[in-house]
Every structure is written in C-alpha cells, then in structure tokens.
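**Q** Below you'll find the structure I mean.
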Amino acid sequence: MEFQKYRTMHFPRDVYIGHDVLNRVLDVVDQNSRTRDVIIVTGNTTYELAGKKIVEILASSPYEVHLSFAGEANYENLKKIEEETNDVNAGIIIGVGGGTKIDLAKKLAYDKNLPFISIPTSPSHDGIASPRASLRRNGISYSEEGAMPIGVIADTSVMIKAPYRYLAAGAADVISNISAVKDWKLAHRLRGEEFSSSAAAMSEYSAQEVISQVGEIRKYDESSVWLVTKNILASGTAMAIAGNSRPGSGSEHLFAHALEAAGVNNMLHGEMCAMGTIVSLYLHDDNWQKIRDVFESLGVSVKARDYGLKEEVVIEALRRAHAIRPERYTILGESDMSYDAAVKALELTGII
C-alpha cells in the first residue's frame with residue numbers, strides 16, 4: 001500500500017529568551033509583518049511592564065501601533081477586540097502579557113490569518129508558545145486552534161517581576177505533561193487515536209527537566225525563569241509536532257477546567273493542573289507520591305483547603321471532568337465517576 005500520510009507543522013522561527021531582549025521585537029516585526037500596522041493585545045498592568053516599551057520601539061521605526069486592552073480570555077472579549085481592529089490593515093499581531101492576553105492574541109491572529117508574536121510577562125503556563133488558545137464561555141473553557149507564534153520574546157528581566165507563585169505554576173503546568181502523555185498513550189491503545197512518539201518524548205523530557213531542576217527554580221532569579229520558560233517552549237513545540245494539545249493536556253487539564261466551570265477563580269492554571277496531575281497519576285496507578293513531593297518542593301500545594309475550596313466542589317469536579325471534552329479519552333473514562341470512587345481518590349492523595 002502506498003504511503004500517503006502527511007502533516008503540516010508550524011514552529012516559532014525567532015525565539016529570544018534572556019535578559020533585556022524586548023528590543024529584539026523590531027527585528028522580528030521587520031522580518032514578518034506584512035504591513036506597517038501592528039495590533040498589540042495587552043492589559044493595563046502588562047502594558048506598563050512591557051507593552052509601553054514595545055510601543056515606543058515600534059512607533060519610532062515607524063510602525064502604526066493599534067493597542068487593544070483586553071480582559072479575561074473569553075469569547076465576548078475576543079469579539080470586542082475583533083470589532084476594535086476590523087478596520088486595521090494589520091500585518092502582524094503581538095500578545096503582551098500573561099496567559100489570557102496571549103490566548104486572545106493568538107486566536108485573533110489565527111482568525112485573521114496573520115503572523116503572531118508572543119511576548120509573555122510571566123512564565124505561568126505552557127500557552128506561551130503553543131498553537132492552542134483557551135477561551136471561556138459561560139464559565140466553561142474551550143480549547144481552540146490558535147496561531148503558532150512566528151516569534152517568541154521572553155525577557156527574563158521582565159518576567160522575574162511576577163510573583164514566584166506564577167513561576168511555580170508554570171513549572172507545575174509543564175510537569176503535568178506526565179499525566180497528559182499517559183492519557184494520550186491510553187487513548188492510542190484503547191481508542192486507536194493517532195500518537196506521535198517524538199511529540200510525547202519531547203513533552204516528557206520537558207517535564208523531567210523541570211523536575212530535576214526544582215532546587216534551581218526555587219532560587220527565583222532570572223536563571224530560574226529562563227529554565228522554566230525554555231521547557232514551556234519545548235512543551236509548546238511538542239503540541240505543534242502532534243498537531244493538537246495532547247502532549248500537554250489530558251485528564252489533569254479536564255479536572256482544572258471542571259474546577260473553573262465550578263467557579264473556582266483563586267487558583268492559577270498550573271496549580272489546578274498540579275492537583276489534577278496527582279489524582280490522574282493515582283488513577284493510572286503510577287507514583288503520584290513522588291510528583292506530589294515535587295510540587296511541595298516547588299511550593300505548589302495540591303490540598304483543596306489551602307485554596308479555600310469546599311470538598312464537594314472538588315469531588316464534583318473530578319466526577320464530571322470527563323464531560324468537559326467528551327471526545328478526548330482519558331483515564332477518567334466516558335461517564336461520571338461514582339461519588340465513592342471520587343472521594344477515595346481525593347482522600348488517598350491528600351487533596352481533600
């Protein structure tokens with residue numbers, strides 16, 4: 001039989017990670033923008049951290065910069081940004097900020113079929129360099145196809161200004177690749193889902209690299225930020241190879257999104273994924289204790305009470321997490337987990 005398999009992969013072309021690299025934005029824009037108009041999606045705080053300097057650099061070139069100050073990553077705000085920028089003959093879109101601003105920018109770039117530059121101001125999760133955008137509607141998070149960044153500019157001198165909690169959450173998000181890949185392998189074995197061994201290996205390597213460097217990460221200097229960020233980038237690249245988010249999103253992310261749907265809003269994405277990773281590894285009958293110890297060493301709690309969560313909220317999130325993305329098969333199965341099984345898993349792992 002003639003071999004007919006093919007796949008298109010998109011990767012970042014210009015990646016700058018390190019001290020004082022914001023000024024490289026002009027090089028990346030010059031090489032990739034189709035016009036002299038640039039759209040920047042940012043927030044009030046992140047504008048002061050990095051956006052203002054980027055505007056000054058580009059405006060002196062000169063580029064016409066169109067700023068869009070965005071709120072949460074939801075479909076309402078996406079529509080608002082689209083309406084604000086409809087008449088702009090933009091040649092490139094830049095996202096400056098944390099996960100929400102970057103998700104909105106990458107989705108906007110995808111919808112407009114424009115190149116996208118990711119400029120994170122904190123290393124809080126692995127969406128910095130992935131082709132997926134997480135947007136919410138009615139409290140539910142949906143994973144949408146977004147533009148893979150043509151450029152990533154991660155300035156450690158900017159990112160170090162974020163609280164350590166954000167760095168720890170980003171590290172936890174990368175570590176959660178362990179359970180995501182286990183779910184992917186399970187879906188491949190039981191459902192015949194397409195599997196990429198190279199994407200899985202890159203994803204797992206990123207997680208193990210972070211685990212092996214917890215002591216360095218805890219120092220919380222620019223080197224710590226660089227270490228976590230480079231593995232976040234590798235995780236995003238794994239998703240680009242796979243053509244989907246499987247290398248970095250499994251049952252632990254479904255659980256995280258179920259918590260969000262239940263109204264939990266005082267946890268960072270990586271913290272929710274850490275909690276989900278522990279219960280996922282327990283269900284996989286893997287060494288969840290080891291990973292729980294790693295999270296504790298990072299300073300990431302997986303105990304519901306430390307976030308003020310009611311036990312019933314966590315129990316119901318676990319029971320119904322599978323329904324967040326019913327097409328994504330994981331260790332959670334295809335129907336609601338029994339109440340007793342959910343309680344047992346959460347109690348034995350120390351989550352409740």
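Each residue, glycine too, has its Cβ placed from N, Cα and C.
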**Q** According to Swiss-Prot, Asp173, His257 bind substrate; which one of Asp126, Asp221, Asp306 is listed for that same site?
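**A** Given Asp173, His257 bind substrate in Swiss-Prot, the matching entry from Asp126, Asp221, Asp306 is Asp126.
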**Q** For the Zn(2+) site that Swiss-Prot assigns to Asp173, His269, which of His188, His253, His284 is also named?
**A** His253
**Q** For each of Ser122, Ser124, count the other CB atoms within 10 A of its CB; which of these binding-site residues has the top count?
**A** Ser124
**Q** Using DSSP with the three-state reduction, classify Ser122 (NAD(+) binding site) as helix, strand or coil.
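**A** In the DSSP reduction, Ser122 (NAD(+) binding site) maps to coil.
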**Q** Taking the Cβ of His257 (substrate binding site) as the reference point, list residues of the same chain whose Cβ is under 8 angstroms away and which are at least six residues distant in sequence.
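**A** For His257 (substrate binding site), the qualifying residues are Ile140, Ser141, Ala321, Ile324, Arg325.
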**Q** Counting distance between Cα atoms, which of the binding-site residues Asp126, His253, His269 is nearest Asp103 (NAD(+) binding site)?
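**A** Going through Asp126, His253, His269 one by one, the Cα closest to that of Asp103 (NAD(+) binding site) is Asp126.
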**Q** In sequence order, which same-chain residues at least six apart have a C-beta under 8 angstroms from His253 (Zn(2+) binding site)?
**A** Ser176, Ala180, Ser245, Cys273, Gly276
**Q** Just the number: how many Å between the Cα atoms of Ser124 (NAD(+) binding site) and His269 (Zn(2+) binding site)?
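**A** A Cα-Cα distance of 8 Å.
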